[in-house]
Amino acid sequence: MEAVLTEELDEEEQLLRRHRKEKKELQAKIQGMKNAVPKNDKKRRKQLTEDVAKLEKEMEQKHREELEQLKLTTKENKIDSVAVNISNLVLENQPPRISKAQKRREKKAALEKEREERIAEAEIENLTGARHMESEKLAQILAARQLEIKQIPSDGHCMYKAIEDQLKEKDCALTVVALRSQTAEYMQSHVEDFLPFLTNPNTGDMYTPEEFQKYCEDIVNTAAWGGQLELRALSHILQTPIEIIQADSPPIIVGEEYSKKPLILVYMRHAYGLGEHYNSVTRLVNIVTENCS
């Protein structure tokens, strides 16, 4: 009986993992579809919204049917196994027992599904909402400088990846890992320049030395999001100014004391419906084409 239950949990976990993978792949596909449709093409944008909703509905139905089929098959296998070993046991009117582990997995899967649905809803809403307006403003600001946004993945490393991308244009090959490590080292060796600006979110008090040390360790060892302090450290490390372009505020330049050509990042408050995000920039495609013709 224990072997049957273990196999049941293994099969369900594998199915739920595949479902999560398929959902992530669908979100990536949807993002690609959105990027392929011009922002000012309202007719195609409307059709895109309908297509996205259809794709998500079809996947949700497919996953529900697969999960129901697995549970049905598992139930039948369990009954067959018990019948072989305990021939005199009457199974009628005895509902299948659900283990605590299975309940936890189902609850976790339900929460994950709810989260992904909220993200998908935010994505669709932002086609005409704050994200769309922010993107339009940034596109105009950058176009005036013959630039456009270069998308960077939203994975916690976006600021460092945007810096990495900008450095490639200068033939400087520093990876995200190296940038994070050097940032933490610089901040640890210049504590007085950074500690006063960090406060405990629960108490409002300035970080203790131990909390500051943990903050620096997280820069190296986790996907901790980088902000103004990390940009300040990077400008000193690279001895290069860093310009941050925003939709509703003037550009911010960190490291103005340096004379090199600045690295340019785009700061977005409403990216992906998930909060703040950094992107890189590149030259406008049509400008590059004209120069090469």
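Every residue gets a Cβ built from N, Cα and C, even glycine.
Since the structure is predicted, the reported quantities are computational estimates derived from the model, not experimental observations.
According to Swiss-Prot, the active site annotation covers Asp155 (among others), on the basis of similarity to another entry. Within 10 Å of the C-beta of Asp155 (active site) we count 9 further C-beta atoms, all protein chains included.
Of all Cβ atoms in the shown protein chains, 24 besides its own fall within 10 Å of the Cβ of Cys158 (active site, nucleophile). According to Swiss-Prot, the feature active site, nucleophile maps to Cys158.
Per Swiss-Prot, active site is recorded for His277 (among others). When secondary structure is read from DSSP and collapsed to three states, His277 (active site) falls in the strand class.
Residues or ranges marked as domain 'OTU' in Swiss-Prot (evidence: sequence analysis): 147-284.
Annotation comment: Swiss-Prot describes Met1 as N-acetylmethionine, evidence class a large-scale study or a structure entry.
For the region 'Cys-loop' (152-158), the predicted model reports an average pLDDT of 90. The annotation region 'Cys-loop' is assigned in Swiss-Prot to 152-158.
Within the chain carrying the region 'Variable-loop' (219-229), a Cβ under 8 angstroms from the stretch's Cβ atoms is held by residues 155-160, 180-181, 183-184, 187, 194, 197-198, 254, 276, 278, all 6 or more beyond its ends. Residues or ranges marked as region 'Variable-loop' by Swiss-Prot: 219-229.
What Swiss-Prot records for 267-277 is region 'His-loop', and it gives similarity to another entry as the kind of evidence.
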Rounded to the nearest Å - Cα separation of Cys158 (active site, nucleophile) and His277 (active site): 7
